[in-house]
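Please read the structure below before turning to the comments.
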Amino acid sequence: MAAAALRLAVLAVAIGALVASSSAAVCPHANHTAPFAADFTMLQHQLRGTVRLADDGSCALRLTRFDLLAASPSARFWAARGDSLADLAAGRAFSPHPLNSTFRNATLLLPFSAPLPPLLALFDPDTSSDLGHVFLPVSASNATDDSGVASPSPSPEPVPTMFDNCLPLAENKYRLRWTLNASAGTVEIGLEAAVGSEYYMAFGWADPKANSPAMIHSDVAVAGFTEEGMPFAEDYYITDYSECTLGTDESPVSGVCPDKVYDEGKNDSLLVYGHRRDGVSFVRYQRKLDTGDTKYDVLVSATEEMAVVWAIGKLRPPDTLRPHYLPQNHGGPRDTTYGFARVNLSETVDSCNGPLDADNKEDQERIIADAKTPLVVTSAPAVRYPNPPNPDKVIYINKKEAPLLKVERGVPVKFSVQAGHDVALYITSDPIGGNATLRNKTEVIYAGSRDAHGVPATPTELLWLPDRNTPDLVYYQSLYEPKMGWKVQVVDGGLSDMYNSSVLLDDQQVTLFWTLSHDSISIAARGEKKSGYLAVGFGSGMLNSYAYVGWVGNDGVGRVKSYWIDGKSAAGIHPTSENLTYVRCRSENGIITFEFTRPLRPSCSGRVECKNIIDPTTPLKVVWAMGASWSGNSLTDSNMHSITSSRPIRVLLLRGSAEAEQDLRPVLAVHGFMMFVAWGILLPGGILAARYLKNLKGDGWYQIHVYLQYSGIAIMFLGVLFAAAELRGFYVSSVHVKFGVTALLLAGLQPLNAYFRPKRPANGEASSWNRVLWEYLHVITGRSAIIVGIVALFTGMKHLGHRYDSENVEELTWALMLWVLSAIVITLYLEYKEVKRRSGDTSSRGHWVLGNTEEDDSVDLLHPDSTDRNSESSPSGVMEVQLEPLAR
C-alpha cells in the first residue's frame, strides 16, 4: 500500500513538472510555424548572423554568429512587413538594442512582446538605410503589422554570404569560407578580402606530389570583379612565376594561365554569387572535389588534410593581345599577400573574429565637378545603388550610377538635367530627399526646384555655387521620388581654382586642366575612374604622339614621365628628357591626378622631344589611356593600356574649350581620288595626246588634248575646294599642302600663257624672241607642274598615314608607285617610236621647237573651231609642235 502511494506521489510530481514546463515553454506571442533558423541577408556594414527562437521557449529571438560594423546611433533592429522602402518606413523598432558599435561573432537575445513580424531588419530610419534583413517563417494567420493586417512571410532561403566554416588567411585582410557537401561531391568556397575592386583573390590546392607547398603546378581559382563591377571566378593553372604567356608553335603556354587556354583545359569553378560591400570583395563559387581533369586540376579529398595556396594582388584587365583577366605578381611578403596553409574540408573551423574592416569603405564611383564642364544628369534602372532600399530608377551623373559627387567651395557647379520630367533635381541637406520638407522641417535646399527637370532634347540648366556656409556633406536628390541620388562632398578649392581652363576629354573619363603663360603652359590631368596609371598624349592617337604618364609606385611616391610613342608594343615607347617642372602626382581611391609645367617651345635641338611644340593659336589634339600598372624603368607588354579614348579631342587653348576631332578619312579619300584622276589620268593623257597623236587626221588630237587638260584642271580645283570646305580653312602648314599649292599655281599659269601665245613666224622666217621665250616657258612650266603634282600625290598619302595610322596607306602608296612607273615606261616606249619615225622622215626639216615638229599653229588652243584664225599658216611640210604639259 505504501509502495502504491509512493508511486502515485512520484507520478503526480512528474505530471506537475511536465505541466509546469509545458506552460513555461509556450510563448503567448509565438506565431512561428515550426522551430527555425534563418540567416541575415547582407546589404551593408558586413552584416552576418543566424536568428532562431530562444532555446528556453521564452518570447525572444536568439541571434548567433552576429557580425556587424558599427552603424549610426539611430540604427535599430526593425520590424516590418517587407523589404521595400515604404514597408520599412511604416515599420517599428523591434528592439532598443543600439547598433553603433562593432559586433564580432556575438550572441544576442532579442525579447519581443508582440507577434513576430514577417521581416526583421537592421534599419536606420534617419537615412532610410537597410543594413540587412531576414524573413521570418511566421504563420500567415498570425503575422500582422501595427494595423492588424495579416501579412504572409516567405520561407527562409539560403544566404550566399553564410558558410559553415571560416579560416583567416591574411590577418584582418583575407579570409576563406567554405561549406562541404560530401554527398554531392562538391564544396562551395567563399573568398573575402578587404582590397580594392582592381584586386584579385586567388585560392587553390597545391600539387600533392610536391615535397613542400609551392605555387608551381597549383590548381587555383582566381576571383574578382570586372571593370563593369561584375563578379567572376575562373580556374587557373600555374606553371611559372610570371604573367600568362600564350603559346606558339615554338613555345608552350606558361605562367599563371586560365585552364581554358590549354587544349584540354576547362573552367571548373562555377560562380554562385559576388558583391562589393563596404570596401570588401566577396565571391562565392562551387567546384567538384573530383573534376575529372587530372592534368590541370587537383583531386580534392573531403576527409584528408591537404596543402592549399593563396594570394591577393592587382588584376590586369583583358586587352587586344590577351583576352583574359591576368593576375599580377602579388608583390608583398609571405602571409600578407600570399601564403600556404593546410585545410581539412570535413573539420569544423570558425576562426574568424568579426567582420573585415576596410580602410576605405566608400566604394561608389566618384565625380569631381569643375566650373567649365556641365554635369549631365540622367536616370536609369538601379544596378548597384549604394544605399538600399531604393526605387527602380535612380539618378546617373555622367553615365555613372549615383556617384559620390565632389565639389569645391567658390566653384560654380553646372548641371544639365535631362533625367525626364518626373525627376526634378535639387541639392538638399536631407539624405532621403523626395520633397523631404513635408517630414523634415529642418531641411535646407541649396539649389534646384520643381522646374529643374528636362529631357535630352530640351535639357534644363541648374547652376549651384557652394559657399563657405555650405556643409561638408549634402545630397543631390529628386524632388518627387526619395532616395534616387547620393552624397555630395563639399571641400575647399582644388584644381578648378588653380587652373584657368578645363575640358572633359573623350568618353568623359579624363579631365584636362591648363593655364597659359608667356612662354610656358601648366597642365593637369585627372582620371574619372580607378586605374594604375593615367596617360595623356598630344596627337591624333597614342601612336606617333608625345605622351605624359602619371602613376604612383609601390613605394607610394607619385611620378610623371614623358615619352615619344612610335609603336604599338613596349619597344615603341621611348622615354624623353623634356623640361618638366612643378611635377606632382597622387592617387585618391584609385583616381590618378598629375600636374606639370613645360615650355611652349623646348629650348633644345637634335632630339625627338625638341619637336614637341605647343602653339596656343592652333588646336591641340589630346588623347588618353589608362592601365593597371606602369614602370619607370623597363616596360613590357603587361604595361599596355586597358582602356583608351576612342578619338582625339581638339583643345582650343586660348578659348578654353574643346571639340571632338572629326574623322576626315572619307573627305580625304574623295579629295585624293579626285587628285589622282586629275594628275594620274586626265592631265598626263592630255600631254600624251598632244605629243603622240599628231598623225591622226584633222584636229582629233587637239580635241582630246584640250578636253583632257581642262577636265583635269576642273577636277583639280573641285578637289581643292572640297577639302578646304570640309577642313574649315586652307592651311599652308604641311609639306603636302605646300607642294599642292605650288602645283595649283603652275597649273593656273598654263591656260594664261596659252591665251597670250605669240604668233608663229611665217615660212622661212626666224622665230621671234617672244615666241622662243613662250615655248620654253610653256613646256618648262607644264613639266614642272607634272613633277610637283606627282610629288603632291605621294606626300598626300604620307600625310594620311601619319594622321590616321591607316593600315592600307602603305598598299595604296605602292599601287601609286606602280602606276607612275607604268606611265613612265609607256611614255618612254612612245617616245622611242616617235624618234624612230622622225628619223625616217627626211622631209621633216625646219623649225623644231623642243622636240616636236608637227604642231599646226593655225589652230587656236582656246578656240578649237576657229581653224583659219591664223592667216599666216602655210601648207609646207615645216611644222611646229605646241606642247601643253599636264598642269595643276
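Any Cβ shown, glycine's included, is placed from N, Cα and C.
Pulled from TrEMBL:
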SIGNAL    1-24  signal peptide
DOMAIN    34-137  domain 'DM13'
DOMAIN    172-313  domain 'DOMON'
DOMAIN    508-627  domain 'DOMON'
DOMAIN    635-837  domain 'Cytochrome b561'
TRANSMEM  673-693  transmembrane segment
TRANSMEM  705-725  transmembrane segment
TRANSMEM  737-756  transmembrane segment
TRANSMEM  776-797  transmembrane segment
TRANSMEM  812-830  transmembrane segment
REGION    856-888  region 'Disordered'
COMPBIAS  860-871  compositional bias 'Basic and acidic residues'
Segment-level pLDDT (mean, integer) for the domain 'Cytochrome b561' (635-837): 78
Top partner of the transmembrane segment (812-830) among 673-693, 737-756, 776-797 - counted as Cβ pairs under 8 Å: 673-693
Three-state composition of the domain 'DM13' (34-137), taking helix and strand from DSSP: 5 helix, 51 strand, 48 coil
The domain 'DOMON' (508-627) - residue tally per DSSP class, helix then strand then coil: 8 helix, 65 strand, 47 coil
